[in-house]
Amino acid sequence: MRKKIVLTGGGTAGHVMVNVALIPKLKEQGWDIVYIGSHEGIEREIIGRIDGVPYYSVSTGKLRRYFDWKNFKDPFNVLKGVWQAYRLIQKEKPDIVFSKGGFVSVPVILGAWLNGVPSVIHESDLTPGLANKIAMPFATKICLTFPETKQHVNTDKAVYVGAVVREELKHGSAEQGRKLCQFDGQKPVLLAMGGSLGSKKINDALRASLPVLLSEFDIVHICGKGNVDTSLVGQKGYKQFEYVNEELPDLLALSDIVVSRAGANAIFELLALRKPMLLIPLSKAASRGDQILNARSFEKAGYAEVLMEEEVTNESLPAAIHRLYENKDRYKKNMEKSGSSDPLQTLLALIQNTAR
C-alpha cells in the first residue's frame with residue numbers, strides 16, 4: 001500500500017525549497033504527496049508548477065512581533081486554518097506531515113496533532129522562527145540545519161540533519177547561463193539576489209554602483225517582482241530578472257561570486273556549490289535577527305564576507321564585492337573543508353521511520 005505525505009510551508013521561497021527538493025525523491029520512493037499552503041503565498045505558485053502534487057489552501061494569519069490591528073483578527077484566521085487543516089488531514093489520511101515552517105505551517109501541524117498523525121518540522125535558521133516555536137510542542141521530530149541550534153531547542157525531539165539542497169542546482173550549465181544573459185565571457189560574473197521578495201536597499205546600491213562594477217564584472221541581478229529598472233534594460237553586461245526558477249541552476253553555474261541575503265536555504269545552497277558569497281543579512285529592524293546569526297556563523301567558518309544592511313552604501317558595496325573577488329580562492333578552500341554528507345537522504349530516512 002502506498003504511503004502518503006502532506007507537505008507544508010510558505011510565505012517566502014525559503015519556506016518552500018526544501019519541500020521542492022524532497023518531492024522528486026519522495027515520488028521515486030512511491031509516496032503520494034499533498035501540499036497544504038496559504039491562499040496567496042508564493043508556495044502556491046511554486047508548487048503549482050510541479051505535476052502530481054495536489055494543492056490545498058487554508059486560512060492563516062501572520063505572526064507579527066510588532067503592533068498591528070491585524071494582530072487582533074489573525075488569531076481567528078489561524079483557528080479557522082486549524083479547523084480547515086484538521087478536516088483536510090482527516091480526509092487525506094496521510095501517514096506523516098512534513099513542515100518547512102512559515103506562518104501557514106502552524107495550523108497544519110496542529111491539524112496533524114489533532115488527527116494523531118506524526119509530523120516532522122525542519123528548522124533552517126540557527127535560532128527557531130516564531131511559527132516553528134509555536135508548532136514544536138506538537139511535532140514528533142524537529143530537524144536542524146545548524147548543529148548550534150540544539151542550544152536553542154530544549155527537547156530530545158531535535159535531530160541534526162544538515163542543509164537540504166535541491167539536486168537540480170548542482171547540474172546547471174554555465175554556457176546556457178551565458179547565452180541567457182547574452183554575456184561575452186570576457187569578465188567574471190557577479191550574481192546579486194535579494195531573496196524571493198527582493199531588497200530595495202541592495203537593488204538601489206547595486207544599480208548606483210554599476211559604473212564601477214561593470215568595469216570589472218558582468219552582473220546578473222535577481223531583483224524581485226516588480227523591481228526591474230526599465231531604464232537599464234539593454235545595458236551591456238547587466239541582466240535583470242524579477243524572479244527565476246528553471247534558470248537558476250544555469251545562472252549559479254555561470255557565477256563566480258554571489259551577493260545574497262542570508263536566509264539559511266540560500267546560503268547553504270551557495271556553500272554546496274562552493275560559491276564565494278557576500279552576505280547582507282536582513283537588519284533586526286526588519287526581522288528577528290536570524291539572518292544576522294546565519295551570516296556570522298558563515299563568516300566565522302570562513303565561507304563568506306558579511307556587510308550589514310545599515311552599512312550598505314554606494315561606496316561600501318562595490319568595495320566589499322571587490323574584496324570578495326580578490327579573496328575568492330581562500331573562501332573556496334574553506335568551503336571544501338565543509339564535508340559532503342547527504343542531508344537529503346538523512347531527512348528522507350527520518351521521514352520514512354517517523355511515518356505511522
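One is the number of the first residue shown, and numbering goes on along the chain from there.
The backbone N, Cα and C atoms fix where each Cβ goes, and this holds for glycine too.
The secondary structure of Thr12 (UDP-N-acetyl-alpha-D-glucosamine binding site), as reduced to three states from DSSP, is coil rather than helix or strand. What Swiss-Prot records for Thr12, Ala13, Gly14, Arg166, Ser196, Gln291 is UDP-N-acetyl-alpha-D-glucosamine binding site.
Compared over the binding-site residues Thr12, Gln291, the count of CB atoms lying within 10 A of a residue's CB peaks at Gln291. The secondary structure of Arg166 (UDP-N-acetyl-alpha-D-glucosamine binding site), as reduced to three states from DSSP, is coil rather than helix or strand.
In the shown protein chains, 19 other C-beta atoms lie within 10 A of the C-beta of Arg166 (UDP-N-acetyl-alpha-D-glucosamine binding site). Neighbour density for Ala13 (UDP-N-acetyl-alpha-D-glucosamine binding site): within 10 A of its CB lie 21 other CB atoms from the protein chains shown.
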